[in-house]
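Down below is the structure, laid out as structure tokens.
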Amino acid sequence: MIDKILKLKKEKGYVILAHNYQIPELQDIADFVGDSLQLARKAMDLEEKKILFLGVDFMAELVKILNPEKKVIVPDRSATCPMANRLTPETIEEYKRKYPNAPVVLYVNSTAECKTLADVICTSANAVEVVRKIESDVILFGPDRNLAEYVAEKTGKKIFAMPEDGHCPVHQFSENSVDIAKKKHPDARVVVHPECPKPVRDKADYVGSTGQMEKIPEKDTAKTFVIGTEVGMIHKLKKKFPDRNFIPLESAICVNMKKNTLENTLLALETESFEVTLPEDIIEKARRPILKMFEIMG
């Protein structure tokens, strides 16, 4: 099946982009594997006109927004993000009425419609830097309350989370898990995602996006790392650092990320039917705050 996928991909001129949370078999056949920021940048640099995206819907939409002239297909239309879907345009409008002078910073894990109402988009890798560079001490941030809290801690700014209870179910690790991991692996470094709750972040040795997690073993010589994010990241880390040990903090599985399989990836290439499409006005309006992010990042 893998040979069939690679043959079809080449014949039809597709590039396969995969998120770090995809199953190992899909990561291994992808042309590029990365976090949402890395994938967004990669998509803009591609010469190819056809992209098979392995992730969830908001990420595929992001690729389409940045590459409206390219054909973007996905293996499973139902692969979505519950956290992104918690935030609605109506909620953003409500907060904007309450705080009319506060800029709206939206996490990339948001719908295309919501992005049209943002002043700037951010990712978990650059959220702190983006907010720090905005000339306002009050920020409206959504849809992840934990990332909002983390950014507030790092920048000292007043941040209102939209909605108040937005969070990623996969990253709701327990403080107890960190205690157990440290007891079991006393020499290990605990690395967690900023989408984790504050008590978990506070007990970790490092807090960072999946892209940042990849860089930690380059500067830290520890032999063992306990990783607090979706389990798909373990495969990426083991491939990059085969001489180190990577242990999941908990068995955290994103069922939506796992909807993509070798079988439906092959089917997607055969039929090219699940194409990502967005209205032109949505693409145009959602593109502005994304490009603003790149401008801020320099």
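The backbone N, Cα and C atoms fix where each Cβ goes, and this holds for glycine too.
Annotated iminosuccinate binding site per Swiss-Prot: His19, Ser36, Tyr107, Val108, Asn109, Ser124, His193, Pro194, Glu195, Thr210, in sequence order, evidence recorded as sequence analysis. For Asn109 (iminosuccinate binding site), other Cβ atoms within 10 Å of its Cβ number 27.
Look at Swiss-Prot and you will find Cys81, Cys168, Cys254 tagged as [4Fe-4S] cluster binding site, backed by sequence analysis. A simple way to gauge crowding: the CB of Cys168 ([4Fe-4S] cluster binding site) has 25 other CB atoms within 10 angstroms, across all the protein chains here.
Proximity note: of the listed binding-site residues (His19, Tyr107, His193), none has a CA within 10 Å of the CA of Cys168 ([4Fe-4S] cluster binding site).
Non-local contacts of Tyr107 (iminosuccinate binding site) by the CB criterion (under 8 A, 6+ apart in sequence, same chain) comprise Ile121, Cys122, Thr123, Ser124, Ala127, Phe141, Gly142, Pro143, Asp144, Leu147.
Taken residue by residue with DSSP, His193 (iminosuccinate binding site) is part of neither helix nor strand, so it is coil. Sequence-ordered, the extra residues of this chain that approach the [4Fe-4S] cluster site, with Cβ no more than 8 Å from the Cβ center of Cys81, Cys168, Cys254, are Val56, Pro82, Met83, Ala84, Asn109, Pro169, Val170, His171, Glu230, Asn256, Met257.
Each residue contributes its Cα atom, and for His19 (iminosuccinate binding site) and Cys81 ([4Fe-4S] cluster binding site) those atoms are 13 Å apart.
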